[in-house]
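Here the structure is laid out as structure tokens; the discussion comes afterwards.
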Amino acid sequence: MLKFVGRRTLYMVPTLLAISVVIFVVINLPPGDYVTSLVAELRGQGQVVSMERERGLRELYGLNRPLWEQYVAWVSDLLRGDLGRSFDLQQPVAEVIRERLPITVALAGVTLLFTWIVAFPIGVYAAVKQYSIGDYLATTFGFLGLAIPNFLLALLLMTVSVQYFGYVPEGLCSPEYCDASWNLGKVLDALKHWWLPVIVIGTAGTAGLIRILRANLLDELRKPYVVAARARGVPKRRLVARYPLRVAMNPFVSTVGWVLPLLLAGDVIVAQILSLPTLGRVFLTSLQQQDMYLAGSILMIYSLLTVIGTMISDLLLAWLDPRVRLGYQ
Amino acid sequence: MSEGTPTTTEHSASQARLVWWNFRKHKLAVTGAVVTVAFFLIAIFAEFLAPFSPGRVNEEYTYAPPQIPRIVDTSGESWDWGLHVYGYSAEQDPETLRVTYTTDETQKIPLQFFAKGEEYKLFGLIPWDRHLIGPANPDDPMYLLGSDGTGRDQLSRLMHATRISMTVGLVGVALAFLLGVTLGGISGYFGGRVDTFIQRFIEFVMSIPTLPLWLGLTAAIPVTVGPVKRYFLISVILAIIAWTTLAREVRGRFLALRNEDYVTSAWLDGSSRRRVMFRHMLPSTTSHLIAALTLSIPGVILAETALSWLGLGLQAPVVSWGVLLIDAQSVRVISHAPWLLLPGLAVVIAVLALNFVGDGLRDAADPYRS
Amino acid sequence: MTESDALLEVNGLKTHFFTPDGVVRAVDGVDLTVPRARTVCIVGESGCGKSITSRSILRLIDPPGRIVDGEIVWRGGQQSGRTPGDGAAVDLVSLDPDGERIRRIRGNEISMIFQEPMASLSPMYTVGAQMIETIRLHRSMSKDEAREHATAMLARVGIPQPERRIDAYSFQLSGGMSQRVMIAMALACQPDLLIADEPTTALDVTTQARILDLIRELQADTHMSVLFITHDLGVVAELADDVVVMYLGTVVETGSVDDVFHDPKHPYTRALLRSIPTMGRGTRERLPSIRGMVPHPSQRPPGCPYHPRCDEAIAGRCDQEDPPVVALGPRRTARCVLYDPSGGPPGPSPASAGASGTAEAGMEDTP
Ligand SMILES: Nc1ncnc2c1ncn2[C@@H]1O[C@H](COP(=O)(O)OP(=O)(O)O)[C@@H](O)[C@H]1O
Ligand code: SF4
Ligand SMILES: [Mg+2]
């Protein structure tokens, strides 16, 4: 097991390196560079920037060096934690990320939990009671959940919230509670704000998970070992819980790997509508303003989270499934 | 338990019939197919089906609510037959100065099939000026699905958006298909080290968070790029992610097929490798591929919608469902003019329909699995 | 045979599947008896309802399948160590398939082993964990006692290094080893009846022979009964005391192994026997196979289900009326109009048909 963990961790390094190359390419795709936009920004503010000064700036930022040297410089900056400066927020990117990463991860975590808690019983029920009304409802939800764009869902829920609860849950807390220490009021306030983003971001993942869990469990329930266990007198409830569910759990564990990017993507969109203090909004703004270095850094953070998520799910999978652990699959 | 069922792979012609027979049994899938075909018909004949051009503004009728077409007018002494809608009367809020329109039953706007209206070129070639339906007097307001903030007809815009959104899906998936079939086919056909390499590559592409990467790539498109080029660039970007699933599907099929008897026997007969690949392996994977293809279109449509809505995908004056939904950004607008969410409904219906078709196809292609 | 000799008695069992494409009469009137301490083989082509019959006995049929008629009388469970009150005859069809009573019969009084031994073990738990679970379901033992018992059982079925193998996973074992594990698990609670559904079909020939030897040896040692299902007449000859021949969900002939092999009555049995490869015949020569194909049970022909393929079918009779089950002696039946004592339209006389059958089969059975 230890060896497995070691191998899996080492495997992250080349993946992340390869991703960084892709991201660096993306950063350099648009015509013009950081200095072009910087100069445009300065000129926009009415400053006079000479060609000389522009060239000087380029030298200062190393933008006149060959691409691969720039790449190395960028990566080593990243490794040192120097992620550049955000135009929009007028502060270092590292600081922006440090401020926003915890809440982003917290939102993703809560949503993941929500996804599990909802999808698990529904998926199991739908499979065990195949073709029941509950199964049809679950299947319908599974289809709808994947078909609704999440910004649309956000808009709909916001409209509903305004109509029936009389408020738009913008942000993740009301100003009076944001810096307060935890008490009942703050918990209630959090509930008031978190339900919407959690539902919106989590719906697609929940729907996908229900479908996967149902299909897997149905597959497993048909396997000979289930009949064999029943023929040995294992009671039905225990039979489902112990035998096929253990295998059908695999996609659940794998979700950490594939739901995480989904959640982060959801965050990009929902953060915009609900003005959440998460990374998503910064990312979007940076893209809209073609602030590619900032966007690239955030993209790198997203990738890092995803790769870590995948690793965690692989490790959990190995821990759960002896076939993976012992290298038989 | 399926010992008694036949498992021989038939010739591709009869297999197609078998798949079709099985497909017809899935009611949901058939419904999905009908809806999908309808969407594509709208896409093809958008100019004719739409009463107006998508860009026609009319400042006099902003946020006009949908009208209900009526056949008989019972307001007068005698019943008056003839297709018509009611006109609008405007009311201005003295404080906010906002104008609201309500349907006015005293005004009657007669409608016509094959009404004369704006000129257009059908299929971009044939000049014509007839529209399936329109007001008898081209200047009368007709907003069957309401209008937007500049008085553009929602129905016409929706139809033109259908063209863009559905074809972005198709073009994107077609590109993804090329990539996927090539790499997946190579991977599955040769196996061994080539396979391992391509699999690693696919795993790597999949490990990059999809939407953020899409966003990053679209943001990298220079702002100065024209609408047509932008359309194709977006399709390419969407294809970049969609191909991985297709490639995996193709590879899996090929791996399974490699072990089938008739491929081996074709080999023993001395057929060339390429011949084996194209004569025997491809036809029998076709139905699975079509299923996989169909199932990957919804993802592309959803992605395009999200990208455009965020302002990073397609941009006005091109209309797509996502572009249309930009008008529905705030709760205030939505509660004032809920019909602006209709493009969202179109997205949901299209995605559901394609999913049903794809699922039905997959089940039909695998009749012995369930 | 006296009443108490019969450990299991199946009478008129019908198990049908109600599928969207119509009713599949997988088992359609099966009668059979398993006497104590004997081995009964059910033989028949693939798809004739052998597995469904055996699963019906343990009430393992899931929707859309259902037992629609018949009774399954069980007279087992009299040994010590079982709950008092057990042991009286019970009709398994009357039990709730998810209930406590049938659950205590499964794996305890009646055990079952299957065709795919590796797939019959969960890949998520060790062999030992699954054995211990089964033992503790039916016996009040501590985990350690159960583990000890499981190890002893593994040793008993000839698994080398049982102390180590008990912690192996199914995917680490060969097919033969897995089947031995399944047998050990099946016998752990000393059942009265072992149902073996083609347990050697998926194994190679050598392993197959070893497993058959093992089953025979264990049967002799424990005096349990065995209901062995196979489509291989060679296996039947080696193992059976009694034979039950099935065709399309019905029993067409029963009898002791000697009677059935040397004096087959039913035309189907005779055809089956003709198609066994024997040493005398060259292996290259094509075996005479039964003409036509087994129809799917949803398209079962009217009258005698075998009539479209039967060389001796009597037009106007076999294709219209159900043939009667004719008792030809103690524990010997055939379901065919040729032996119907009540006569009917003239056909080859039972005696002559029987005689010719004897000669034929006798020749074929001689190596
Ligand atoms: N779940 C099911 N649904 C419909 N038909 C079934 C089902 N299970 C088995 N059958 C049918 O019942 C018949 C008997 O099956 P089975 O008992 O498995 O045959 P075998 O004699 O080979 O063991 C087969 O023809 C099969 O098609
Ligand atoms: S009943 Fe008739 S068809 Fe059936 S086996 Fe006997 S002779 Fe043949
Ligand atoms: Mg069977």
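Note that Cβ sites are derived from N, Cα and C of the backbone, with glycine treated the same way.
TrEMBL: automatically predicted annotations, no manual curation.
According to TrEMBL, the transmembrane segment annotation covers A:9-29 (among others).
Among the features that TrEMBL reports, domain 'ABC transmembrane type-1' is placed at A:101-317.
Annotated transmembrane segment per TrEMBL: A:103-128 (among others), in sequence order. Residues 134-135, 138-139, 141, 172, 194, 197-199, 201-202, 205-206, 209-215, 217-218, 221, 240, 245, 248, 252, 255-256, 259-260, 263-264, 266-267, 276-280, 305 of the same chain, all 6+ positions outside the transmembrane segment (A:103-128), place their C-beta atoms under 8 angstroms from a C-beta of that stretch.
Under the heading transmembrane segment, TrEMBL lists A:140-165 (among others). Remote same-chain residues near the transmembrane segment (A:140-165) are listed as 122, 196-197, 199-201, 203-204, 206-208, 210-211, 214, 266, 269-270, 272-274 (criterion: CB distance under 8 Å, separation of at least six residues from the stretch ends).
Distant neighbours of the transmembrane segment (A:194-213): 107-108, 110-112, 114-116, 118-120, 122-124, 126-127, 138-139, 141-146, 148, 150, 153-154, 157-158, 161, 169, 172, 248, 251-252, 255, 259, 262-263, 266-267, 270, 274, 276; these residues of the same chain sit at least 6 beyond its ends, with a Cβ under 8 Å from one of its Cβ atoms. Taken from TrEMBL, the feature transmembrane segment applies to A:194-213 (among others).
Per TrEMBL, transmembrane segment is recorded for A:252-274 (among others).
Annotated transmembrane segment per TrEMBL: A:294-320 (among others), in sequence order.
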Residues of the same chain, at least six outside the transmembrane segment (A:294-320), with any C-beta under 8 angstroms of its C-beta?
1, 4-5, 8-9, 11-12, 15-16, 19-20, 23-24, 26-27, 74, 78, 83-88, 93, 97, 101, 105, 108, 246, 249-250, 253-257, 260-261, 264, 279, 282-283, 286-287
